[in-house]
Ligand SMILES: O=C(O)C(=O)C[C@@H](O)[C@H](O)[C@H](O)COP(=O)(O)O
Ligand SMILES: [Zn+2]
């Protein structure tokens, strides 16, 4: 077991990583302050793990709310339904929401917790690799809108993250690898030794070797926790965690959130960002090749679908939250481990890598 601390003064919280943590309820139950608990999960995960979680809730007044599975359900309408469930439970200000699921469940449940009575506690129990290494840590919560991904939400930090690696046993390989993309992203942004470690351990990680898996999760979470502690609300450095996301979100939105997984969009988006950096003379082309080689070995996609036109994707990129005053702000890099925020890249250069 490993613990990563997200240091935010009075709102600091632990990320526990390892096998068997869900059953270790004495550990996480201490983070629940009141009597009311709403477990938010989905129809795929709940049959597998809700009973095990419920064993730790004995004596509390709790109920559950289940979403349908998938990114298309990360909507305002479903936040309203979760709030209604909190109302039906009679949840008071000391209530706690537990998000049992992947990124969709965590983002949506966290947003509902941020809204109920203007903010109550929530605990993340991620069941996908992507949620363990990325979305459950750092307090970004929210929903998608038809015009764009994650466009409505709030920063609301969890009270704890319980990353029980045993829960990954039921995760399909495609979804597992989508989570690996967010691990590669952390290394690509600012940790060259971690990138080299991933090059050495890529096959073991793709095979889910337990020691390699726990180390990968802990290294990525530790890196992210440091960034979040320095810049919780993305006034500067935190934007780097968005490497690949301006392109990736555009691809996800163009595909109505059902064509590619978020992590797949991030993998393709990182490659496009690397190609753009090289074409602007910012970074060596060999680093793009190393990134493509690692992602390919890990079984991740590296090319965007030809179905969406470059101009449609560029239009979608214009709604990205990092943009200011109508100007595209992208996360590019100087090479592996050296990501940078860049404004004012000419449309023609962006279109060229999208074509
Ligand atoms: O935590 C962050 O900050 C990130 O950017 C992590 C991303 O991997 C994650 O997908 C996040 O939800 C994207 O945030 P957004 O602000 O681009 O919607
Ligand atoms: Zn992401």
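Placed from the backbone N, Cα and C atoms, the Cβ positions cover glycine too.
Curation plays no part in TrEMBL annotations; they are all automatic predictions.
The NAD(+) binding site annotation in TrEMBL covers 69-74, 103-107, 127-128, 140, 149. Taken from TrEMBL, the feature Zn(2+) binding site applies to 182, 245, 262. Annotated domain '3-dehydroquinate synthase N-terminal' per TrEMBL: 66-176, in sequence order. Taken from TrEMBL, the feature domain '3-dehydroquinate synthase C-terminal' covers 179-323.
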For the Zn(2+) site built from 182, 245, 262, further residues of that chain with CB within 8 A of the site's CB center:
130, 134, 181, 185, 244, 248, 263, 265, 266, 269
Among 182, 245, 262, which are recorded as binding-site residues, the nearest neighbour of residue 69 (NAD(+) binding site) by Cα:
262
Using the alpha carbons only, what distance in Å do you get between residue 128 (NAD(+) binding site) and residue 182 (Zn(2+) binding site) once rounded?
12
Tell me the Cα distance separating residue 107 (NAD(+) binding site) from residue 262 (Zn(2+) binding site), rounded to the nearest angstrom.
13
Could you list, ordered by sequence, which of these binding-site residues: 69, 73, 107, 245, have a Cβ under 6 Å from ligand 1?
245
When a 10 Å sphere is centred on the Cβ of residue 149 (NAD(+) binding site), how many other Cβ atoms does it contain?
24
For residue 107 (NAD(+) binding site) and residue 182 (Zn(2+) binding site), what Cα-Cα distance in Å is obtained after rounding to a whole number?
16
For residue 245 (Zn(2+) binding site), what residues in its own chain, 6 or more apart in sequence, show a Cβ-Cβ distance under 8 Å?
265, 266, 269, 320, 331
Can you give me the Cα-Cα distance between residue 71 (NAD(+) binding site) and residue 182 (Zn(2+) binding site) in Å, rounded to a whole number?
17
Averaging the pLDDT values of the domain '3-dehydroquinate synthase N-terminal' (66-176) gives 98
Fewest other CB within 10 angstroms, which one of the binding-site residues 69, 71, 107, 182?
69
Does DSSP put residue 149 (NAD(+) binding site) in a helix, in a strand, or in coil?
strand
